[in-house]
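Student: Below is one structure. I have some questions about it.
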Amino acid sequence: MKPLAAPANHGVLGQQEKQSLPADFTKLHLTDSLHPQVTHVSSSHSGCSITSDSGSSSLSDIYQATESEAGDMDLSGLPETAVDSEDDDDEEDIERASDPLMSRDIVRDCLEKDPIDRTDDDIEQLLEFMHQLPAFANMTMSVRRELCAVMVFAVVERAGTIVLNDGEELDSWSVILNGSVEVTYPDGKAEILCMGNSFGVSPTMDKEYMKGVMRTKVDDCQFVCIAQQDYCRILNQVEKNMQKVEEEGEIVMVKEHRELDRTGTRKGHIVIKGTSERLTMHLVEEHSVVDPTFIEDFLLTYRTFLSSPMEVGKKLLEWFNDPSLRDKVTRVVLLWVNNHFNDFEGDPAMTRFLEEFENNLEREKMGGHLRLLNIACAAKAKRRLMTLTKPSREAPLPFILLGGSEKGFGIFVDSVDSCSKATEAGLKRGDQILEVNGQNFENIQLSKAMEILRNNTHLSITVKTNLFVFKELLTRLSEEKRNGAPHLPKIGDIKKASRYSIPDLAVDVEQVIGLEKVNKKSKANTVGGRNKLKKILDKTRISILPQKPYNDIGIGQSQDDSIVGLRQTKHIPAALPVSGTLSSSNPDLLQSHHRILDFSTTPDLPDQVLRVFKADQQSRYIMISKDTTAKEVVIQAIREFAVTATPEQYSLCEVSVTPEGVIKQRRLPDQLSKLADRIQLSGRYYLKNNMETETLCSDEDAQELLRESQISLLQLSTVEVATQLSMRNFELFRNIEPTEYIDDLFKLKSKTSCANLKKFEEVINQETFWVASEILRETNQLKRMKIIKHFIKIALHCRECKNFNSMFAIISGLNLAPVARLRTTWEKLPNKYEKLFQDLQDLFDPSRNMAKYRNVLSGQNLQPPVIPLFPVIKKDLTFLHEGNDSKVDGLVNFEKLRMIAKEIRHVGRMASVNMDPALMFRTRKKKWRSLGSLSQGSANATVLDVAQTGGHKKRVRRSSFLNAKKLYEDAQMARKVKQYLSNLELEMDEESLQTLSLQCEPATSTLPKNPGDKKPVKSETSPVAPRAGPQQKVQPQQPLAQPQPPHKVSQGLQVPAVSLYPSRKKVPVKDLPPFGINSPQALKKILSLSEEGSLERHRKQAEDTISNASSQLSSPPTSPQSSPRKGYALALSGTVDNFSDSGHSEISSRSSIVSNSSFDSVPVSLHDERRQRHSVSIVESNLGVGRMERRTLMEPDQYSLGSYAPVSESRGLYAAATVISSPSTEELSHDQGDRASLDAADSGRGSWTSCSSGSHDNIQTIQHQRSWETLPFGHTHFDYSGDAASIWASGGHMDQMMFSDHSTKYNRQNQSRESLEQAQSRASWASSTGYWGEDSEGDTGTIKRRGGKDVSAEAESSSMVPVTTEEAKPVPMPAHIAVTPSTTKGLIARKEGRYREPPPTPPGYVGIPIADFPEGPCHPARKPPDYNVALQRSRMVARPTEAPAPGQTPPAAAASRPGSKPQWHKPSDADPRLAPFQPQGFAGAEEDEDEQVSAV
């Protein structure tokens, strides 16, 4: 189940303040399967593909060129044109990624259908989308489903439109999906309703009237409306569907009758709520077909309403005595042990319960069930490490052992002295000893084991409960006593069972194979003998196992989910067996196959290589397996070296060199295994003659060893780094117990304290700061660029490994402000890597609740292992928890718990693999050319996956026999990577990173300081938006804005990817009648809104769809936004600092994690009444001015996924000039607006944690800075009445929980610094990087001027998460700021050292100077051509080396913009609008310099 709500950004109704609301519903649509009808999923459909779907990866050349077999060769110095033929492919792929197909908004499509045309699938889509809105809180799923079936979609385009008048009769119940409305009551009070809130009739047919006047606050408000009659019918029908169970006059349980489809075949009663006692009793009652997962859901979530598991345990033992309930009780216990064995381990009371239950099963002769129980315990038991010390070697052992390889078993504990230290350490009967002091005990003779245990006083013992095999051992021993001879079973001894469940098959076959091997080579019959078993399972899996493989259910859906009636949207070939498919009497005991068949053990084939030296420094490569012992290696080495001696005369020694140069030598025990994993980089294995005392390693060799062990990132293979990261992440992810999610979510105390969950949470921080630390510690600029390139490649490989967590962390690290500001370093990055990086960022586009990422995650080809982005998981769970009450009418709300359990099951399924994940990641990395695509979107990727995890793997192994040296070098690279990752020194302090960044590329200041300015303490610590293309220097004394010739730019990083979704512009509806019933018929207005919206949407789709490629390949220096417009800059007393590049283009970080600073240009069609505006540029007089000591208060949302970089710091840096005065309200299409995320750039603190669903969180509320617009002339009026914190919607707060350590560090210590300069400096900033088309998004919490009216944002806060009072203190702001007419026409400039020059202007986009353009409404004919078209033309037109002279119009420009008179304009010194800036040394620039200022 995939909850799709996102963190809140708007106000909530009344007591629902604690509930979080989705940020923007257009950003929150479902992405389960964009194209169910498409079998060939092209890269554009995948949402993240950077390659084509042609069947051979367009990136293969990169990997051929850069991933040499021995490691990673850097060929960046070679001429790119000759080698990098994939450039063209990449460009083509990036263009394909902007395929309009990607813009399908499934939920929107479903909403726009006529209700009678909606299918069951459509209703499920809407249900999943709507079910977390506060308006639907505490409604049952069936009521929500009914409402979704009849709802009508309506859109009100303009802000300020009256929706309902006071006293108007209401005819519907409506829910706001996007935007916000304000209700003004007759007494003057006002209330703001935001996304997720509802208004309208109550569920009666009585006439009701509107109180107050309702107006839209923002453009593009979207509603769903349910007619009064339907609403009344559905809600009243609920009562009829409810079955209330009463005891002694009190309601103890409420069930609801549900029909899961329209066929009527799946219907029954499902538990909605009940008392804890009654819910427990329901465990052994009959469950209907619509509630198949009640037991699993209960066993996972009982801890939220019961204080102890023994409350359930006692009842189960009591019910076991009732023969009619016995089978059901047994099933519950089996499921409990199988799903949550951690409830029993370490809990003495529960362990006793389990023992008592086993005794009951034995007493009742329920052998089959007992066997299943033992299998489950063995499969689910965790390894435990305990340390024992003996006073002396002669001291007796406090336990008795059984087994040994001579009997075909491992070493088991038969009894433990009751008062010994071993008992205290947790050793108990039935434990299998796996390892002692590093020596493997799984295949060892009992006498040898006893010898090792006796000869050591310090014992580090790894054990695991394995009652199943222990009981087999006891049975065997008793048989031997009776028969007087050891019994070696043959294959025919397999128990003749009529039917094998998965566990039966697995362990029986395993047992036989293990015992059969005894004659040939002693092999423990533990959960081992596993390799042949796996082969048999591989061959028999599809035919023997129940036929419900992934092609029926997929990762996101188990058998139980499909019964419950969830859509089956994922079609995955039948490659892997799946849990949850056994009959109800034999519950699935192999939910995670690796748990029972220890799949983490690699095959028993010689797939590892050791390099063994002799004293004369000769060496040989020896093939071994993981279980090969040191003694066996000696035998092989003697054979390889052709030594004529017996193995007893030689031993294996490990020689290692410490960092100080000390040579250490030790003899390895004969039984030591896992030799390939134990050797260090600074160590070697030597074959030593026991009779001689020769020096094995000379000082020179030791120095060489030491040198080899010193590694840097650039020496490492990117494929191997990605593989190791993925293995490490997957191991952490797989170890998270389902109960940990519950404990963490409900803040429950548990014995494990969610340790695994915390580790997985923390890894994303570590990897983010690892990237920044590695880059910023490199002083050489060229090497720094290579490191960036290296990380981009690692992120690409992480995507190939489906490791989204590390991929996101690396992207976030590259976007941390200290890294992002390294302009000259980024300029050196080859274009293809910029484009690849852009594409990687695009996958994590936060808009629409991370729709692109979710698309990929739920894609048809995605099989486990998958490492999902953890903050998204956490956000989804938090929404379910906080959006629904835990108790309703005094009863436990089990419907809520069922939703949470389903989400946790879905997450857990991503980690359920049936083979060693290391092997999966490794085979994956070999398949570039066959897979066809780096993304998971390639049509035949899955089939190839399946084929190649078998076939290709063998090919690798076959070649390894031929080339042991190659295999050794691969293993050595893996060792290097492991050592590198384990020895990382991370710089987690942002201040230190910023200092390092300034040392790499010092800040430069070329502009004089304004005398009246108060300079902040630091001028250059502010994080900046990522690179924006090479810039040209501003020369202080040259006239402003000389025409600049277009320059070649690096194309990938300068512009964030533009939205791939079409804009949702709707025709203005100011002339439509209001919502009320004065329309000729009920709902007429709603329907007309809906229809008109739909028509307009299709009409404008082509016009407004923006090409992803356009943003990456070219962004004009002059403003191509619609027609010319005036962007009035506020240059108050020189405080305008750090403007975005020439103020010309759309702020749209569709894909950037920290948005890039050169903006996308978005064509927007204008209406006649639209005012002409120009973006103009001003140059700041002093680099430090307005630069605050902004170690900002991290609000919960600044940790939100939407706000990839907390914006508070640098939002101010893009000064007011980019804010556009908007008397008209159609500035940008909605979608473009809501993707226009900031050029964000805080230090990136929090960029990784992001969890918010809406990209407009990015620009949502700039902490302590309000976005305001200047009036065309005169004063700008501030109406700041909201407190700073409340403006943010804090849906991302769960990340604050996750990563709170990092945020609080700054919260307190910097408040004082914050306030010092707010009054002087913050007041003069416009947080311009809010939206360019800010009118289209009302939830940004900014104060807007629409249609000449100031709109205050104070109540738009709506966070479900309460903001603490400390964080929510209002910040003093000046009430008025004087803006003179001259300052309002200031110009934007970019500060040197932060931005790069914008890309060349496509033909057809030429700036129109202010002086030459008349004020007032524009001519309707003035409209730019489609930007994509212009862009395509620009590629075919030779770029001039000289800028056109004033008065000249390029022919393409003239042709493409009829009616306009574009020309370059050099403002005269006398131009009054520039007067205030003349003394500040505004400069034009020469073409060969680094920063460019363009005046439009």
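Glycine residues also receive a Cβ, built from the backbone N, Cα and C atoms like all the rest.
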Student: Looking at phosphoserine as annotated by Swiss-Prot, pick the matching residue from Ser1115, Ser1123.
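Tutor: Checked Swiss-Prot: the phosphoserine annotation sits on Ser1115.
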Student: If I look at Swiss-Prot, which residue among Ser1022, Ser1222 would I find recorded as phosphoserine?
Tutor: Ser1022
Student: Mean pLDDT across the domain 'Ras-associating' (606-692), rounded to an integer, is what?
Tutor: 88
Student: List only the single closest residue to Ser806 (phosphoserine), chosen from the binding-site residues Ala135, Val150, Asn165, Met195, Lys240 by CA-CA distance.
Tutor: Met195
Student: Going by DSSP, how much of the domain 'Ras-associating' (606-692) is helix, how much is strand and how much is coil, in residues?
Tutor: 19 helix, 32 strand, 36 coil
Student: Just checking, which of Asn165, Ser806 (recorded positions) has the fewest C-beta atoms within 10 Å of its C-beta?
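Tutor: Minimum Cβ neighbour count within 10 Å, taken over the recorded positions Asn165, Ser806, occurs at Asn165.
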Student: Note down the number of other Cβ atoms within 10 Å of the Cβ of Cys225 (nucleoside 3',5'-cyclic phosphate binding site), including every protein chain shown.
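Tutor: Other Cβ atoms within 10 Å of Cys225 (nucleoside 3',5'-cyclic phosphate binding site): 25.
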Student: Of all the binding-site residues here, Ala135, Val150, Met195, which one's CB has the most other CB atoms within 10 A?
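Tutor: In terms of Cβ crowding, the pick is Met195.
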Student: Taking the Cβ of Met210 (nucleoside 3',5'-cyclic phosphate binding site) as the centre, count every other Cβ atom within 10 Å, in any protein chain shown.
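Tutor: Other Cβ atoms within 10 Å of Met210 (nucleoside 3',5'-cyclic phosphate binding site): 20.
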Student: What does DSSP assign Lys240 (nucleoside 3',5'-cyclic phosphate binding site), in three states?
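Tutor: SS state of Lys240 (nucleoside 3',5'-cyclic phosphate binding site) = helix.
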Student: Near the Cβ of Lys240 (nucleoside 3',5'-cyclic phosphate binding site), how many other Cβ atoms are there if near means within 10 Å?
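Tutor: I get 8 for this one.
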Student: Measure from the Cβ of Ser180 (nucleoside 3',5'-cyclic phosphate binding site) and count the other Cβ atoms within 10 Å, all protein chains considered.
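Tutor: Its Cβ shell of radius 10 Å holds 25 other Cβ atoms.
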